[in-house]
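As annotated by Swiss-Prot, region 'Sulfate adenylyltransferase' applies to 1-450. Sequence annotations record features per position, and here Swiss-Prot assigns domain 'tr-type G' to 14-228. Marked as region 'G1' by Swiss-Prot on the basis of similarity to another entry: 23-30. Under the heading GTP binding site, Swiss-Prot lists 23-30, 102-106, 157-160. For 81-85, the entry in Swiss-Prot reads region 'G2'. If you look up Swiss-Prot, you'll see 102-105 marked as region 'G3', on the strength of similarity to another entry. The annotation region 'G4' is assigned in Swiss-Prot to 157-160 on the grounds of similarity to another entry. What Swiss-Prot lists as region 'Adenylyl-sulfate kinase' is 451-623. Per Swiss-Prot, ATP binding site is recorded for G459, L460, S461, G462, A463, G464, K465, S466, and the stated evidence type is sequence analysis. The active site, phosphoserine intermediate annotation in Swiss-Prot covers S533, and the record cites similarity to another entry as its basis.
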Amino acid sequence: MQSVIADLKQQEIKPLLRFITCGSVDDGKSTLIGHLLYDSQCLAEDQLADLMVDSQRYGTQGEHIDYALLLDGLAAEREQGITIDVAYRYFDTEKRKFIVADCPGHAQYTRNMATGASTADAAVVLVDARKGLLTQTRRHSYIVALLGIRHVVLAVNKMDLVGYDQETFEAIASDYLALAAKLGINQVQCIPLSALEGDNLSKRSARMPWYVGPSLLEYLEALEPADVDLAAAMCLPVQWVNRPDSQFRGFTGTLAAGRVRPGDAVVVLPSGCVSRVVRVFNGDTEVHEAVAGQAVTLTLADEIDISRGDVIAALDDPPEVADQVTAYVLWMDDTALLPGRRYWLKLGARMVAASVSDIKHRVDVNTQEQRVAQRLQLNEVGYCQLSLDAPVAFVPYARNRVLGSFILIDRHSNATVGAGTLDSGVHRASNVHWQPLDIDHVARARIKGQTPKVLWFTGLSGAGKSAIANIVDKRLHALGYHTFILDGDNVRHGLNRDLSFTVEDRVENIRRVAEVARLMVDAGLVVLVSFISPFRDERQLARERFAANEFVEVFVDVPLAVAEARDVKGLYAKARAGLITDFTGIDSPYEPPPHPELHLRADQGTPEQLASQVLSFLGVEAN
């Protein structure tokens, strides 16, 4: 028992290094890690036995051990001989503990690679000695640089297949060093090796006497990760408000930067409230000081409203606070990122609604050239400006990986669709304020004697939206209501005349109309909006511009065949003939509302009858 305790204590004091392996398909990443695990004697007897069996069943090395099978855990991976998901493995040597992430090489799994790289101290970039630098090598190296990994190993693998040729290695190393310099990666160690044969893997190989550097494991054991910057200003993202009883109120989280002591002056962001640290706890133990990386609980001298997601920071050097920011975004979803579309942005423990207001450029990760883009597709990287519904406290990613990184979440599926690194705040965001006005929307509604709201008619072209809205408008006007119609066709003659019918411009079309409708509701009007508005996200964006009782979604539902048969304007015929592109229902989707306030079956009634249903819903007696 004493020996076990001694071993555990020894493990506690060993330094930990997190690293990833990345590169192109079949460069040997899984084989390299599997061989390291084998050499480090970290495998149990049953794992070794399973490896022998699996090598015969799935292996690609004949009668020899297939080390890659230690990493390729998914059935699909073993059957295809590729890595799909990020595989994390732990091993240790006498000098150090390691957590290694084996990242997939296929281009469609670049998002998985970015996940593995987000917490890494170092990256091992594998290159097949027979092929040299490939597209995916450049892509992964760009992401390594983007995510701030400062230590990179170029592992030129499969040297056994080129006869351990020195010139081959040096040519590849020269090409990669030029790429690394272009990407701003300054610390690169180039190592020739054979993951299958074990050359220069755990120890130096006699087969390459011309190489005088360390083996891969020797380099990783000696590598010193970037130290935590204790001189940086203190920042604590609050993860939890700890209130076990009425006598204690603490704020818990992991210090993202600097150090904290009792008596330190702090500011709470984004509120800007100022206080002083009274007590500092590390776990249940009260301490005189805590440093970055430690989980702490702070108590403050003042009763301040602090919630999960707020940041407690040093008063003399706080993080920036902004509701508009610029950032590099790696898109990770099959559905493209579109400017104006709404997502959840999660920065630490803080969650706010956000949209990309502008894609300034897309980065060609193969050449690092900047290209014009109106959307980001899966695995693409763009430099974007984001607009947030509420201000957030952040530090640029180049200075702090914790307070400078975020993810984007789909508001319907809750899937992570993007990851980003913050660059800066947009300064004008903090200089624009609401001008207080004496006459508000309540006063304007009162003088008109009505409850303002927006009726948002949505449906396919030819469903009858405009006809129904027009009848409702006439009847409300006859009853003395103050109304206005915003019709999709009419608005495109003026306000939105610069917009086309691409997905991107459709999103902007609805954003503008929603803002105009909001102004009209503030003026006390009943606004009838008649737009196809095919995308659920944009209709949700419009809904969020209004109070809960101000927005009525009216789904004018009609089968596509019925709408196409009507075809009053001849648009369906032109779309079928290819004369019109991006036409809703033909080559552009319509996403039906899942829960509209009012569902009209336009094929089961006349426009007059359907208009009566709208008025009945509103509780209005028509003439």
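Here the Cβ of each residue, glycine as well, is placed from N, Cα and C on the backbone.
The ATP site is defined by G459, L460, S461, G462, A463, G464, K465, S466, and by the 8 Å test on Cβ atoms against their centroid, the other residues of the chain that qualify are I532, V556, V558, A563, A602. For the region 'G4' (157-160), the residues of the chain that approach it from at least six positions outside its boundaries are 27-28, 32, 126-130, 168-169, 192-197, 199-200, 207-208, judged by C-beta separation under 8 angstroms. Taking all protein chains in view, 27 other C-beta atoms sit within 10 angstroms of the C-beta of the residue listed as 'active site, phosphoserine intermediate'. Note: the CA-CA distance between S466 (ATP binding site) and S533 (active site, phosphoserine intermediate) rounds to 13 Å. Taking CA atoms as the reference points, A463 (ATP binding site) and S533 (active site, phosphoserine intermediate) are 13 Å apart. A gap of 11 Å separates the Cα atoms of K465 (ATP binding site) and S533 (active site, phosphoserine intermediate). If you count neighbouring Cβ atoms within 10 Å for each of the binding-site residues S461, S466, the highest count belongs to S461. Rounded to the nearest whole angstrom, the C-alpha distance between S461 (ATP binding site) and the residue listed as 'active site, phosphoserine intermediate' is 10. Per-residue pLDDT, averaged across the region 'G2' (81-85), gives 43. Residue counts for the region 'G1' (23-30) under DSSP (helix as H, G, I; strand as E, B; rest coil) come to 2 helix, 1 strand, 5 coil. Neighbours of M159 (GTP binding site), defined as other CB atoms within 10 A of its CB across all chains, total 28.
Under DSSP, the residues of the region 'G4' (157-160) split into helix, strand and coil as follows: 2 helix, 1 strand, 1 coil. Non-local contacts of G464 (ATP binding site) by the CB criterion (under 8 A, 6+ apart in sequence, same chain) comprise V556, V558, A602, P607, L610. Taking the Cα atom of each, L460 (ATP binding site) and the residue listed as 'active site, phosphoserine intermediate' are about 9 angstrom apart. If you take the CA of G459 (ATP binding site) and look 10 A around it, the recorded positions you hit from G23, D26, K29, M159, S533 are S533.
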